[in-house]
């Protein structure tokens with residue numbers, strides 16, 4: 001099954017029933033000066049990048065770094081082009097305590113997160129695959145601070161990748177998540193088709 005690729009526009013969170021105080025903003029670059037323009041607090045960074053042979057080789061090397069455990073919300077991507085939805089779910093679910101959801105509108109996102117909260121990653125994936133959603137060769141992943149640890153959530157992996165300690169206020173965006181994203185860009189010398197968005201409180 002393949003989904004239509006997702007577009008992360010500023011209205012998306014409101015349409016999903018998340019309080020208007022949280023929104024996606026474009027990140028124009030991953031260097032300190034550019035990151036200083038991103039509103040704070042920022043609770044997640046999502047990176048869009050081309051799927052290449054170099055990336056696939058790198059992912060195979062990362063297999064032993066996959067973190068298990070129930071401290072994070074994770075689900076796998078099984079449907080083509082669903083990476084945007086998966087990244088959004090990873091970003092919001094792992095920051096759920098910071099979000100407020102519109103009760104009167106019956107948030108579709110909150111309903112899904114509540115229904116899948118106690119499921120295994122495979123159970124969550126099956127629940128998502130019940131929903132119906134053009135082949136593209138790009139992929140979207142999320143970086144989130146969960147309990148002071150930087151996690152990379154890629155639905156094509158068997159679990160999240162733990163990158164080490166981070167801090168919401170000091171280093172999450174400007175140092176830690178951006179550094180990992182820059183690694184993606186550096187591995188793909190000559191490739192320029194990267195973009196990122198951050199989930200920020202406004």
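Numbering starts at 1 and runs along the chain as it is shown here.
From the backbone N, Cα and C atoms, a Cβ is placed for every residue, glycine too.
Keep in mind that TrEMBL annotations are predicted by a computer and have not been checked by a curator.
TrEMBL lists 2-201 with the feature domain 'UCH catalytic'. The site 'Transition state stabilizer' annotation in TrEMBL covers 77. The active site, nucleophile annotation in TrEMBL covers 83. According to TrEMBL, the feature active site, proton donor maps to 139. Residues or ranges marked as site 'Important for enzyme activity' by TrEMBL: 154.
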Separation of alpha carbons, residue 83 (active site, nucleophile) and residue 77 (site 'Transition state stabilizer') (Å): 7
Whole-number Å value for how far residue 83 (active site, nucleophile) lies from residue 154 (site 'Important for enzyme activity') (Cα to Cα): 8
Pairwise CA distance, residue 139 (active site, proton donor) versus the residue listed as 'active site, nucleophile', rounded so that it is a whole Å: 6
Protein Cβ atoms within 10 Å of residue 154 (site 'Important for enzyme activity'), excluding its own: 25
Under 8 Å by Cβ from residue 83 (active site, nucleophile), same chain, sequence gap 6 or more: 77, 139, 140, 141, 155, 156
